[in-house]
Ligand code: NAD
Ligand code: UDX
């Protein structure tokens, strides 16, 4: 029986290995992690991450050919193929701080593999890493290996949170990069055989190592660029009376452009886009390509602009002050169908409103109060753009409350900000909500999920991103 071990039981390692176990009954898969509570949660009924369809997959395989453990060394020693899916955040200190990927976790994982391995291994980069990381890892392994042979493969993961199981079941492509030597190609074939259990062969792409590593960063940069492009157009729509939904539809109908990923929003979030673009920017700078670096940096700048534009719109609409006013925030996760709040636009929007002394009441169906307080209290690193530079003061902390009920959050509020596109926000009883609010009652839809005309009929003053402005909003000071 082939044995797979995965280092890192996070948003990628957990679901990916669960699907491999489900689709490959002849393979034994063990997911290991340094975090004891995380592994305990994977072994319980309350999985550590919320992901539609994940519970069923885990239930089918756990204890059969899928295991979760903290005994890292034992499972690494026994494995034929080792996936490394540890976190690779942005460096916050030292050389490249604010841009470069922090490979501390990766390096310690590689050193540990070299230490405990007693037989030849295939080591797979599942984490998103800078181009040429495989070369560095090869060196660490070779210099510490006591004669054992390692083949490094790059197999970046393209799943998106909220649709991870669907994406893993039917990936657009699986990408495997390896050395162009006979040993390298043998390793590529071994990994290809794993995926071939359920992925059609024409969707399994094989490339050299550097193409695979760079393709992952490039794909995320292209995806994020689409959102910043449509968000930039949304600002122009508001200024001119065009409707961003109509513009995006017309633009996306061009088959060279395509209709997906063109929804204007309060700004993209998530653990990947900003981190990976910053990493790409750093790599370009290190390779003497400042123009290319600046091109990609602009994607992040527009994202920050979109978040601060939203805050400014809220404040300017409400008579240029939200001081002491209750603002209900519906949705805190960075997108629907996940409880993940990493880099969510909600953090910056809430901090912006708190900066103007608003009282905030937050409801999200999947995010705990503890998580929200932690996110808002975090003194974020200055990534070379100003929006993160607002640590929350102890007085501001007291201005935040978190509820498990949208009606409670909105009761007595002056305004509502929808920051995550949860389906349930489309079907709330907005008449009931309106009746319980202060008047005039404002509704700022950062995700374009509600029917603005219906809301206006109820009596709300409505702002939808990139849509023709409410007469009320037109009369208010311009937003920059
Ligand atoms: P995560 O933080 O959810 O999980 C990483 C896990 O690795 C943590 O549980 C941590 O405790 C563990 N870990 C750290 N060092 C370890 C070690 N030496 N041994 C064992 N475990 C260790 O991160 P994630 O969201 O799963 O992302 C992992 C990687 O995948 C990142 O490089 C990320 O860029 C990439 N990625 C993420 C997504 C996504 O949607 N989250 C998608 C594609 C790629
Ligand atoms: C992303 C990539 O999509 C995935 O391929 C990669 O493997 C990891 O990074 P993820 O961050 O999980 O996945 O979510 P994604 O669906 O890409 O959304 C990222 C952000 O963009 C979210 O905040 C989302 O709300 C926002 N978004 C997405 C928009 O604002 N408009 C859109 O049209 C699409």
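Including glycine, each Cβ sits where the backbone N, Cα and C put it.
Copied over from TrEMBL:
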- 272: active site, nucleophile (ACT_SITE)
- 8-13, 33, 38, 86-90, 127-128, 161, 272-275, 342: NAD(+) binding site (BINDING)
- 328-452: domain 'UDP-glucose/GDP-mannose dehydrogenase C-terminal' (DOMAIN)
Note = Candidates 11, 161, 274 (binding-site residues) with CB under 6 Å from ligand 1, in sequence order, are 11, 161
Remark   = Should one count Cβ atoms within 10 Å of each candidate's Cβ, the binding-site residues 87, 90, 274 would be headed by 274
Task = Kindly state the mean pLDDT of the domain 'UDP-glucose/GDP-mannose dehydrogenase C-terminal' (328-452) in the predicted structure.
result = 91
Remark   = Spacing of the two Cα atoms, residue 90 (NAD(+) binding site) and residue 272 (active site, nucleophile), in whole angstrom, works out to 10
Binding-site residues near ligand 2 among 8, 11, 90, 274 (Cβ under 6 Å) = none
Key: Alpha-carbon distance [the residue listed as 'active site, nucleophile'; residue 161 (NAD(+) binding site)] in Å   = 10
Ask   = Quick one: what's DSSP say for residue 90 (NAD(+) binding site), helix, strand or coil?
value = strand
Task = Round to a whole number and give the Cα-to-Cα distance in Å for the pair residue 33 (NAD(+) binding site) and the residue listed as 'active site, nucleophile'.
result = 20
